Amino acid sequence: MNNHTYCSMVIFGATGDLAKRKLFPSIYNLYKKGTLDKNFAVVGVARREWSDEVFRENVTASLQDSNISIEGDLTEFLSHFRYLAFDVTNAASYQDLHELLNSLEQEFSIPGNRMFYMAMAPEFFGTIASYLKSEGVTNEQGWNRLIIEKPFGHDFASAQKLNEDLRQAFAEDEIYRIDHYLGKEMVQNIGVIRFANAIFESLWNNRHISNIQITSSESLGVEDRGGYYDTSGALRDMVQNHMIQMVALLAMEPPIRLTTEEIRSEKIKALRALRPMTKDEVKQYFVRSQYGPGSMNGKEVPGYRSEPKVNPESRTETFVAGKLMIDNFRWAGVPIYIRTGKRMQEKSTKIVVEFKELPMNLYSKSENNVHPNLLIIHIQPDEGISLILNGKKIGMTDKTTPAKLDYCNHCIDGINTPEAYEKLLNDAIHGDATNFTHWDEVALSWKFVDVISEAWKEDTSSEFELYPAGSMGPKAADELLAQDGFHWWPIGDDSDYSI
Ligand code: NAD
């Protein structure tokens, strides 16, 4: 065990949903696997007046409610947990925190390494960072790392302001901006698929790929997050971060080394090549929509405007589809289509890479149904890769049929892929920022997205096409591809790929 991984973790917002559902189970898994051994402490910080005991009971309940397996007695694990009732705008709270950390570092022989996890409303991030600095909480011998949740601002200007506030207290290399998609096994696998497989990397360009499609669909509606979501929408909630990050990983050039700096620098270069749009062009490239009433699994569900805490006349988009062009040598002319939405037919995140047809195909399409080759990267809920090839139809015929080769992560016995949060926490403890977003990436994606949200905000006159809950989105999203001669590939597990 390396001393550099001995640390205290301060969770701001420890009574909240994220801490309960993701952070505590991830910390427990890291403990079970030995990443966190005896030399760690967790300080939960939130408004409520809880005792350590009540906090520990809540941590225990969160582990029991999650789907992780608990091994034996939790007493030793829980002895590392402390709670501090906290007012984030009061300097005295930070002094208490400082004292508590000093004593925990003694108790658990932790060499001053401190991780601050912001799991609360973003309006407090700047305030907390500046108090941590002014009250000397960051002022120790070991490392300081700030982990920060989305949303990172709501547009470029607010993100820049937040970044400046954080930078008063933390250096860029101490700030770990979470994009939990980057912790997902198959998102991390994009690099391996591309750079460790000669058959793909040599085809990974505009000579061989006709288009790429990225879908991230949710079947849930806004649930009880209507208040937040109505001020955000799918563009800010999903496109600016997760979707654009996946685009960057698919489009980047091979890094010269697998280091954080080299990978980030290639991602940033890819994002700089994103074709900018004028507000007038947004209609040509982007589609927004909102779910209306519909049915999910045979059950009637209300439309977005009837959801709790949502403005009944809301024009917030719950669905976005877009066409992104990367204007560089590798990708000129290859559209990358994205779509994401709530209350769609099923929950699924998938990337489909569609390869070009052969220059001359002896098995003509009309008679023999020759299919373009597809590489499908399944990100969630199932994880794996499928490759769609053409095979000969068995029998006395020269007809072809799509042949699907599957590699499925879950099918490997005993392998339960770790949660994204567990991996990201582990990376942060080890000081590996590769799977976190650099400020330059955040800035470039906000600048790209801001044009779209401004165009939509100004366009108050056009009709808002709704899509029925339980569908795959509005017709306009299909037309976006149809005008280029493409269509969305199905994303269901038992999809039929014959055309
Ligand atoms: P939440 O509302 O459930 O919890 C907020 C926490 O902040 C609570 O512990 C509350 O006590 C604390 N808090 C609020 N005001 C405070 C104050 N003035 N002083 C001290 N503590 C205060 O929120 P959440 O869902 O856990 O989300 C937290 C952050 O994580 C947000 O930035 C959110 O966007 C982000 N996030 C959450 C999820 C998720 O699954 N819940 C997913 C991705 C990102």
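Just so it is clear, glycine is given a Cβ too, placed from its N, Cα and C backbone atoms.
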Item to check | Same-site residue for substrate (record: TrEMBL; known: His180, Lys184, Asp237, Lys342, Lys347; options: Glu201, Glu218, Glu261, Glu317) | outcome: Glu218
Checklist entry - Are any of Gly13, Thr15, Ala19, Arg47, Val88, His242 (the recorded positions) within 10 Å of His180 (substrate binding site) when you go C-alpha to C-alpha, and if so which? => result His242
Checklist entry - Considering only the binding-site residues Lys184, Asp237, Lys342, which possess a Cβ situated under 6 angstroms from at least one atom of ligand 1? => result none
Checklist entry - What is the nearest of the binding-site residues Lys184, Glu218, Lys342, Lys347 to Gly13 (NADP(+) binding site), using the Cα of each? => result Lys184
Next on the checklist: On average, what pLDDT score does this prediction assign to the domain 'Glucose-6-phosphate dehydrogenase NAD-binding' (10-189)?
Outcome noted: 95
Next on the checklist: Looking only at His180, Lys184, Glu218, Asp237, Lys342, Lys347, which the record lists for substrate, tell me the maximum pairwise CA distance in angstrom.
Outcome noted: 20
Checklist outcome for this item: One should report the C-alpha separation between Lys184 (substrate binding site) and Val88 (NADP(+) binding site), rounded to whole angstrom, as 32
Checklist entry - At its widest, how many Å does the recorded NADP(+) site span between Cα atoms of Gly13, Ala14, Thr15, Gly16, Asp17, Leu18, Ala19, Lys20, Arg47, Asp87, Val88, Lys150? => result 21
Checklist entry - What's the CA-CA gap between Asp237 (substrate binding site) and Asp17 (NADP(+) binding site) in angstrom, rounded? => result 17
